[in-house]
Every structure is written in structure tokens, then in C-alpha cells.
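Here is what Swiss-Prot says about this protein:
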- 1-23: signal peptide (SIGNAL)
- Cys37-Cys66: disulfide bond (DISULFID)
- Cys44-Cys59: disulfide bond (DISULFID)
- Cys49-Cys67: disulfide bond (DISULFID)
Amino acid sequence: MRTLCSLLLICCLLFSYTTPAVGDLKHLILKAQLTRCYKFGGFCHYNICPGNSRFMSNCHPENLRCCKNIKQF
């Protein structure tokens, strides 16, 4: 019984451990989102885009939004 509990504990600890590769992957995705925003002429802004711009996408999972200026003729 003790061996079974020990094995179960080891498996739980092993599978609950987050590897650094997962953190690096998340960082690369966020960097790609930020690069895409700047590539299409956007800028990152908190909460709501200003009046002279429109929402394009998100820069990060937090409340940063990618906004793009509206050209006025």
C-alpha cells in the first residue's frame, strides 16, 4: 500500500510540474502577437482604443489591445 501511494505521489508531482519550455512557448506567442500588431501599423493601448482608432486584435492576454489609426481624408 505504501509503495502504491508513493508511486501515485511521484506521478502527480511529475505531471504537475510546468516545464520551462511551456513558459518559453507562451512568450513566443505573445511576441508574435505584438510583432503582428506593429507590422500592420497598429499600437498597443490599455482597455479601449482612442476615438481616432479602431480595434484590430490583442497584443497580450492582459487588457492590451492592438489599435490602428483611422485615416481621415
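Even glycines carry a Cβ here, placed using N, Cα and C.
Here the CA atom of Cys37 (disulfide bond) lies 8 Å from the CA atom of Cys67 (disulfide bond). Residues within less than 8 Å, Cβ to Cβ, of Cys49 (disulfide bond) and separated from it by at least 6 positions along the same chain comprise Phe55, Arg65, Cys67. Around the Cβ of Cys67 (disulfide bond), a 10 Å sphere holds 21 further Cβ atoms from the protein chains shown. Across the fold, the C-alpha of Cys59 (disulfide bond) and the C-alpha of Cys66 (disulfide bond) stand 5 Å from each other. For the disulfide-bonded residues given as Cys37, Cys44, the lowest number of other CB atoms within 10 Å of the residue's CB is seen at Cys44.
In the three-state DSSP scheme, Cys67 (disulfide bond) falls into the strand class. DSSP assigns Cys44 (disulfide bond) to a strand in the three-state reduction. All protein chains considered, the CB of Cys59 (disulfide bond) has 23 other CB atoms within 10 Å. Calculated from their C-alpha atoms, the gap between Cys66 (disulfide bond) and Cys44 (disulfide bond) amounts to 5 Å. On a Cα basis, Cys44 (disulfide bond) lies 8 Å away from Cys37 (disulfide bond).
Counting Cβ atoms from all protein chains shown, Cys66 (disulfide bond) has 23 others lying within 10 Å of its own Cβ.
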